[in-house]
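Each remark here refers to the structure printed beneath this line.
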Amino acid sequence: MGAAASSSAHKSDTPSTPIEKAVSRSIDRELAKEKIEMANVFKILLLGGSESGKTTIFKQMRILHLDGFTRADKINYRYQIHSNAVDALNQLIEACQKFRIVHESSIQGYVRDFLKFRTQTNNDQNDFELRSDVADKMHRIWISGPIQMAYKRRWEFTLLDSAK
């Protein structure tokens with residue numbers, strides 16, 4: 001009884017035909033090329049709590065080392081900025097209510113219009129557009145005394161860091 005296997009029962013791992021050898025060399029070249037490319041890739045793990053700036057660092061790296069933002073990116077960021085401005089002003093108006101800070105009669109209509117706009121945009125966030133008339137009302141509300149009083153007490157309630 002023999003313990004060795006027949007050579008015809010096992011196929012060799014090395015390519016035997018010229019075509020197989022050529023394919024093998026091509027694959028080896030591609031693997032070597034990818035290895036060199038991967039050696040030039042940097043991977044960064046950003047850890048931190050929410051709102052700690054991880055995305056901001058990523059965006060800054062993209063601006064500095066790549067071609068910046070695409071048109072679609074700019075439109076998306078514009079929406080995010082407008083949305084944050086609306087949310088921050090709403091938080092300030094809620095703080096005025098919490099602290100019983102009364103709005104001046106000259107801006108009460110603006111506040112009412114803004115809150116109506118915010119309700120409408122919350123129901124239809126895919127069609128959010130910050131029109132110039134709403135932006136003007138938001139500015140008038142922002143510069144009002146009651147909102148500035150609430151802003152000075154911002155550590156007492158939740159307010160987006162980008163509120164100012």
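The chain as shown is numbered from 1 upward.
Each Cβ is built from the backbone N, Cα and C atoms, and glycine gets one as well.
For reference, TrEMBL has these:
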BINDING   Glu51, Ser52, Gly53, Lys54, Thr55, Thr56, Asp161, Ser162  GTP binding site
BINDING   Thr55  Mg(2+) binding site
COMPBIAS  1-17  compositional bias 'Polar residues'
REGION    1-22  region 'Disordered'
Enter the number of other CB atoms within 10 angstroms of the CB of Asp161 (GTP binding site). 10
Is it possible to get the count of other C-beta atoms within 10 angstroms of the C-beta of Glu51 (GTP binding site)? 11
Diameter of the GTP binding set by C-alpha atoms, the set being Glu51, Ser52, Gly53, Lys54, Thr55, Thr56, Asp161, Ser162, in angstrom: 15
Are there any residues at least 6 positions away along the chain from Lys54 (GTP binding site) with a Cβ closer than 8 Å to its Cβ? List them or say none. Leu46, Leu47, Gly48
When DSSP is mapped onto helix/strand/coil, what comes out for Gly53 (GTP binding site)? coil
